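Some features that Swiss-Prot has for this protein:
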BINDING   7-20, GLY102, ASN160, 181-182  ATP binding site
Amino acid sequence: MRMTAIISEYNPFHNGHLYQAKIARQETGADLIVAIMSGTFTQRGEPAFTDKWTRAQAAVASGEIDLVLELPFYFAVQRADRFALGGVTIAETIGAESLSFGSECGQLEPFIEAAAENQEATPRYQELMQEGLARGLSSATAASHAFREMTTTLDLTTPNNTLGYYYARAASTITLHTTKRIGSGYHDLSTGDIMSATAIRAYHATHHSLIGLPELTAETLRNAVFASFEPYYPFIRHRLLTTPLDDLMQFNGIDSSLAPRLIEGARKNETFDNFMTAVKTRRYTRTSLQRVLIYLLTSSKSSEFENIAFDRIDYVRPLAFNDNGRLALREIKQRIPVISTFEKHPWLIKESHVTAAYAVPLARYDRLEEHRRFAHFAGSVSK
């Protein structure tokens, strides 16, 4: 079967995602589309809009996604280059012939050229990075500014282009394909037929209804429990105010400069938004801080990440699939173990802890039993 992969979060799956999957299927000649989707927490360090099982089921219900595989926590809640490398590693390991991604650019050649230039290895890039860091910028912001100074063929200040660049850097055996993003941009909160996931979540927060989704996807999500960061803040605050300083610095991303700042912010602020306003700086951006807080919430220590190889995976885990996806899983099993039931794999044990950290603040105790969850089988889904 000719397989095209899409690295995704589907937070939630919306009309723009549906458009991308349709175009990817048409232009790559794919027999099936497999989504490699982050789980309960996202790349930007946010609790997913709803749990991974429901999001995966909603994607398959659209009729364009045949199989959803989980992007493990260690790959998912990461800066862009590691997120991309982890996703590409899975796509190539399962035998996908193509990797499709949305981009603001919409043309593949600039990504190939930028990746081949490898500007990150040049002295000029390193000089610009150091200048940015010296001005108090975060690593991600300093990198964005450096790329802006050096690159003329590709705008790497936009989120989808940035991920596309790192996909191109990571790709070894897979053919790349890009679809121009249509409709709202990532941070655009305007409403319409094709809205950003950010706008859909914001609209739901104020109107308590879902718009901008395919009909069958919306139906799947109708009775879901939706998350925001606010219910998690009391748990994060408790840990910040009760953990000794030296122990706090064992968590991934927390150093001697950040730890006191987090403690002071937690001591003085009763809401998550006020806490973030007090703590974030040019160096500590909201996104990087959110990832740190997720590491804290999930008890993820720096030592856990020391031996993570982002270019290697020894299992895949399906979250949802249809008849076409089931056929694909048979082929994938010839390449790599497919874990559909819970096993005592260290990463799956971690996933159970991560799922508990996601579920308890939402009082979703029915979602605690990760070891009893099976991939959702949708059967035949009409397109």
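Start at 1 and count along the chain as shown; that gives each residue its number.
Cβ atoms here come from the backbone N, Cα and C positions, even for glycine.
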Task: Helix, strand or coil at TYR10 (ATP binding site) [DSSP, three-state] - done: coil
Open item on the list: Quiz question: given the binding-site residues ILE7, GLY16, ASN160, which has the greatest number of C-beta atoms lying within 10 angstroms of its own C-beta?
Closed with: ILE7
Open item on the list: With Cβ-Cβ distance below 8 Å and at least 6 positions apart along the chain, what are the contacts of TYR19 (ATP binding site)? List them in sequence order.
Closed with: THR179, ILE182, ILE194
Task: binding-site residues compared (TYR10, PHE13) - the one with the fewest other Cβ atoms within 10 Å - done: TYR10
